[in-house]
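Peer 1: Dumping the structure here so I can ask a few things about it.
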Amino acid sequence: MLRHMLKSKIHRAVVTDANLNYVGSITIDRDLMDAADILENEKVTIVNNNNGARFDTYVIEGERGSKVICLNGAASRLVQKGDVVIILTYTVLQDEECHNHKPRLVFMDGNNNIKELG
């Protein structure tokens, strides 16, 4: 049997911008993408801690070191600058792989610095 499992999580990132007039997606600082093992164009689920919105989009690489978390296009209607979000990716594993699987967890501080890796 195949199971959908958490692959990576950026926990409590702060939205730095929301740009309605841009092709839909989320722009994420390349350093954060690397820390969470997220690739450009990878599907992500965004959870907005401020309003409860949960939606899917894809990733655009942001400038390394910029700390950018910018929701673009229609997704920008679901967040505001300063909102705290969780960014999730998933993978599909066989049952026997699930027990040893460890997701990549990136815990953020209030300034989009990596506080801890888990």
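Each position is counted from 1, following the chain as shown.
Note: Cβ is positioned from N, Cα and C throughout, glycine not excepted.
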Peer 1: According to Swiss-Prot, G73, A74, A75 bind substrate; identify which of T45, T57, T91 is listed for that same site.
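Peer 2: The record-listed residue among the candidates is T57.
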Peer 1: I'm trying to understand the geometry here, so how far is the Cα atom of Y58 (active site, proton donor) from the Cα atom of A75 (substrate binding site), in Å to the nearest whole number?
Peer 2: 10
Peer 1: Restricting to the chain of G73 (substrate binding site) and a gap of 6 or more, list residues whose Cβ falls under 8 Å of its Cβ, or answer none.
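Peer 2: Same-chain residues close to G73 (substrate binding site) (Cβ under 8 Å, separated by 6 or more) are N19, L20, Y22, V23, G24, S25.
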Peer 1: Which residues, sitting 6 or more apart from A75 (substrate binding site) on the same chain, put a CB under 8 Å from its CB?
Peer 2: G24, S25, I26, I46, F55, T57
Peer 1: As a test of the contact definition, list every same-chain residue at least 6 positions from A74 (substrate binding site) whose Cβ is closer than 8 Å to its Cβ.
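Peer 2: For A74 (substrate binding site), the qualifying residues are L20, G24.
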Peer 1: Can you name every residue in this chain, apart from T57, G73, A74, A75, with its Cβ inside 8 Å of the center of the Cβ atoms of the recorded substrate site?
Peer 2: G24, S25, I26, F55, L71, N72, S76, R77, L78
